[in-house]
Amino acid sequence: MNTGGRLIAGSHNRNEFVLINADETARIRSVQELSGQVCQICGDEIEITVDGEIFVACNECAFPVCRTCYEYERREGNQACPQCKTRYKRLKGSPRVDGDEEEDDVDDLEHEFEYRDFDGLGPEQVAEAMLAARLNTGHGSHLNNASGVYVQSELNASPLDSTIPLLTYHNEDVDITSDDHALVVSPRSSHGNRVHPMPFPDPSTPLQPRSMVPQKDIAVYGYGSVAWKDRMEEWKRRQSDRLQVVKHEGGSGGGNYNGNELDDPDLPMMDEGRQPLSRKLPIPSSKINPYRLVIVIRLLIVGLFFHYRILHPVKDAFGLWLTSVICEIWFALSWILDQFPKLYPIERETYLDRLSLRYEKEGKPSELASIDVFVSTVDPLKEPPLITANTVLSILAVDYPVDKVSCYVSDDGAAMLTFEALSETSEFARKWVPFCKKFNIEPRAPEWYFSQKIDYLKNKVHPSFVRERRAMKRDYEEFKVRINGLVSTAQKVPEDGWTMQDGTPWPGNNVRDHPGMIQVFLGQSGVRDVEGDELPRLVYVSREKRPGFDHHKKAGAMNALIRVSAVLSNAPYMLNVDCDHYINNSKALREAMCFMMDPTSGKKVCYVQFPQRFDGIDRHDRYSNRNVVFFDINMKGLDGLQGPIYVGTGCVFRRQALYGYDAPVKKKPPGKTCNCWPRWCCLCCGLRKNTKSSAKKNKNKKKMKGREASNQVHALENIEGQNELITKKSSETPQTKLEKKFGQSPVFIASARLEEGGVPRDANPAALLREAIQVISCGYEDKTEWGKEVGWIYGSVTEDILTGFKMHCHGWRSVYCMPKRPAFKGSAPINLSDRLHQVLRWALGSVEILLSRHCPLWYGYGGGLKSLERFSYINSVIYPLTSIPLLAYCTLPAICLLTGKFIVPQISNYASILFMLLFVSIAATSLFEMQWGGVGLDDIWRNEQFWVIGGVSSHLFALFQGLLKVLAGVNTNFTVTSKAADDGEFSDLYIFKWTSLLIPPTTLLIINIVGVVVGISNAINNGYDSWGPLFGRLFFAIWVIVHLYPFLKGLLGKQDRMPTIILVWSILLSSILTLLWVRVNPFVSRDGPVLEVCGLNCD
């Protein structure tokens, strides 16, 4: 079915499927035709036999498997078909294996042992040829000579075939030591370093390990050999010379190379392409050890502080003292939860050149994994379409193979404005994408590229660059005019709703009741750019919405994108960005793949989180919008544990992790071996141990066969730098179980079985289109595990924390990637009201998690979550509770100044020293964090200030709203944070918007200022002796005022006078406090006026 570039709309529940002719001039195909038969294990094409027919491995089910995988499965595997589990029969041309003796129907003496003509070959070549025939490790591409065996030139130049599988499956096995490795030196070889197997087996000789590469010298190959130390030294020396290809010379004893060099590109870890794609960079001990020592000292000081505070109550102000002690204990617990996860910070470094050497070989198609990019938007009036367009353009122009990138834009508001803007964007992308890649510009979002105040001619030597840049800027200005024209038109909605170009009513005119819609704007076989090259796929998606269904806001929209992308492209990795977060570093996807596709450490990585960086923030960062302390200190600390938390955007996921599968299990080494026990114990318990061992083996076999997640068989080239992953899904998982988990879509279930992604080969385009509409229907998730165990997790407006938490509980780990050039940049709400509403939404989500069954305090024990990682998640959900003690603690200074009492008794020398040490330890902790985190003092101070401002306003309201929502069922609406428009530099910073969130901090500010005035007036009235006790109260009140100073500047705005609403509030509160002060009457004794005899005789 060819969609012809038309919008697809429909409802699975209503049995509707409509093609709307939205654009006659840009008809493209939405789904690529699938053809050709390939091996379902390795992905290679299935060869044609000598009879001219396609090779069939299994005569029962005809499951497509190539000859190489068939012979390897017979030789090293379970000798059964992966689909029907029928034992493979020996076919003509295949060597015999164990178990073939019972089959008498195949008479193939010619290929019995694959022995060919050995005339003219030496004994060593004959032995190697016989071993190769016995193991049958290759594809047959090396048997090109007339005799069918390896000749000397082939031994020297033949590289290892890239499709040879590993000996291990999905699970890592640390039980295999160097002595048990498949490639070890024969203990009988002592002459030279070239060892050859015997031509014929000797029953009196123990069977030696067999090499998988017969033409290779086993003694110098690798692990376990006596030459390993020398080879490591040789590797280090050659690495210092920065060689790209390593050549190894044979040994002097036993080797016969006639002085020629042996090209040996298959040795692991010997050239740039076979080294790790990333590495950890621990913080230097000179920085981290003093930091840990200061934390320990601070803990001791805090203990002594509470010992003093509890043992020295203030009897005449017991209520104030008790309140302050309770607040301080809570602050200490919050500090411990925040501090401990930062004990093991690390940094990471990636090697993009090694990634290219490993997966992008010259003259061959790129082997980099495919990536589906998700962009979410709701209201185009609050999230300007121009910003969304820039984000999409930066994705389409990313430095990644175009056939490996698909961009899905979720329009959860079903706005025709978003649809039309995306149509304009797809047309402009035909010019913008080739321009970016031709001149390698950064960033690749045109709005921010053309607004850079830099010399754009620097390092640009192409003669046509200036001319094309000017032309592109004119094109972009015209593009902006068209987008802004659409926005102006959309301000006034027609009475009958919007109509498309062919007169068809827009399906999303009713935002709460509309069918699902899909439009493929760009694709591999669709519209090309102006230079005739392909463009990444661009898909518009608006899920179905009907009254009476809970659509779960952003989390539901993201889950709909998971399912649509699984049907149409099914990339194994997914990138999620907000509509205002554009790709600032065109190599960001490659940075993430350095962790995901690393064959040694990437299998347990569920997501790669990038830090958030922002444009358009003032230099002073008044409201701590950059959040540098969290992204540069806290996240580095979490990366040293189990990984950073998911922050909602700028994150690359592994699709299998979002499907709710457990992380690959790493087998633990045995606690004791037989050598650890006395001989009598072995004699007594040997039988029992053997029984347990056999039972354990049978249990492991059943577990491996019934495992729901797929078992990987990595090619041997994976260790040596190749990206050949052979995926094998278990067919024993009941279909009904998968339907209960993923829903009633056979196409989606089939795609979920493919761990390495890809659209099922046997699916036709018509079925894909209908399935795509079905999986975004509003009732598809009913009675499934979507939002519970699969995809983005429901139950909180901050679905990001909950989703990352569930994946960590499944044993996965995450990675924090901080490239030198920020990967993503976005816009942040820089005025006070919008910033407080943003923090309110985050805090409300944390309260919802705290009161749900997924609370880290009691959920996930016995899983894969580490203790310190749990501390971090607990801190991320209980921090709104700090608002109550913080509000009380900030009120205490004013009360103390108005009443003349204080929370601390008369301070002794010991108490003075204790308080000083406490403040010094707090300052020292911040200084050391600044040192290893690379943040500035102003960032630390702004973060501290906004912690107080947000704590007494947004966190407080979030706590009460969360309690009302969970306990009373009163739901609160999700407010989309408005994105800044281009109306001048920092124009939004001075916008004042009244909101109830401003009431608590305004009240605190006023009462503390009034308290300072009252306290100073009282001291002036009472004389010199009252100034000493006043200093402590004044310091306490000034501490609160200084922390609220950015809030005061936000209230004043850009003008010099205070807003009227603030003036009214100030007069009202001042009047109340003045009456309270008169009632307290600090100038008169509580027992009435004191009358004393003056001593003068007045008579």
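Here the Cβ of each residue, glycine as well, is placed from N, Cα and C on the backbone.
Annotations in TrEMBL come from automatic prediction, not curation.
Here is what TrEMBL says about this protein:
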type     : residues                               : note
DOMAIN   : 39-85                                  : domain 'RING-type'
REGION   : 186-210                                : region 'Disordered'
REGION   : 247-267                                : region 'Disordered'
TRANSMEM : 291-311                                : transmembrane segment
TRANSMEM : 318-337                                : transmembrane segment
BINDING  : SER376, LYS382, GLU383, ASP412, LYS553 : UDP-alpha-D-glucose binding site
ACT_SITE : ASP412                                 : active site
BINDING  : LYS554, ASP578                         : Mn(2+) binding site
ACT_SITE : ASP800                                 : active site
TRANSMEM : 877-898                                : transmembrane segment
TRANSMEM : 910-928                                : transmembrane segment
TRANSMEM : 948-970                                : transmembrane segment
TRANSMEM : 991-1018                               : transmembrane segment
TRANSMEM : 1030-1048                              : transmembrane segment
TRANSMEM : 1060-1080                              : transmembrane segment
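Here the transmembrane segment (948-970) has Cβ contacts under 8 Å with residues 623, 836-837, 839-844, 846-848, 850-852, 879-884, 886-887, 890, 996-998, 1000-1001, 1004, 1040, 1043-1044, 1046-1047 of the same chain, all six or more residues outside its ends.
Listed as Cβ neighbours of the transmembrane segment (318-337) (distance under 8 Å, sequence separation of 6 or more from its ends, same chain) are residues 299, 302, 306, 309-310, 871-872, 874-875, 878-879, 881-882, 885-886, 888-889, 892, 895-896, 901-904. ASP800 (active site) is surrounded by 24 other CB atoms, counting those within 10 A of its CB over all protein chains shown. Spatial neighbours are here defined as Cα atoms within 10 angstroms of one another, and by that definition the neighbours of ASP578 (Mn(2+) binding site) among the recorded positions SER376, LYS382, ASP412, LYS553, ASP800 are SER376.
Around the Cβ of LYS382 (UDP-alpha-D-glucose binding site), a 10 Å sphere holds 13 further Cβ atoms from the protein chains shown.
Proximity of the transmembrane segment (910-928) to the transmembrane segment (291-311) is established through 3 or more Cβ-Cβ distances under 8 Å for residue pairs spaced 6 or more apart. The CA atom of SER376 (UDP-alpha-D-glucose binding site) is located 8 Å away from the CA atom of LYS554 (Mn(2+) binding site). With a threshold of 8 Å between CB atoms, the same-chain residues lying at least 6 positions outside the transmembrane segment (291-311) that come near it are 325, 328-329, 332, 336, 339, 343, 904, 910-911, 914-915, 917-918, 921-922, 924-925, 928-929, 931-932. The residues of the domain 'RING-type' (39-85), classed with DSSP into helix (H, G, I), strand (E, B) and coil, number 10 helix, 4 strand, 33 coil. The two recorded residues, LYS554 (Mn(2+) binding site) and ASP412 (UDP-alpha-D-glucose binding site), show a Cα separation of 8 Å. The Cβ of LYS553 (UDP-alpha-D-glucose binding site) has 16 other Cβ atoms within 10 Å, all protein chains considered. Overall, the recorded UDP-alpha-D-glucose-binding residues SER376, LYS382, GLU383, ASP412, LYS553 cover a maximum inter-Cα distance of 16 Å.
GLU383 (UDP-alpha-D-glucose binding site) sits 20 Å from ASP800 (active site), counting Cα to Cα. Between the C-alpha atoms of LYS553 (UDP-alpha-D-glucose binding site) and ASP800 (active site), the distance comes to 13 Å. When other Cβ atoms within 10 Å of the Cβ of ASP412 (UDP-alpha-D-glucose binding site) are tallied across all protein chains shown, the result is 22.
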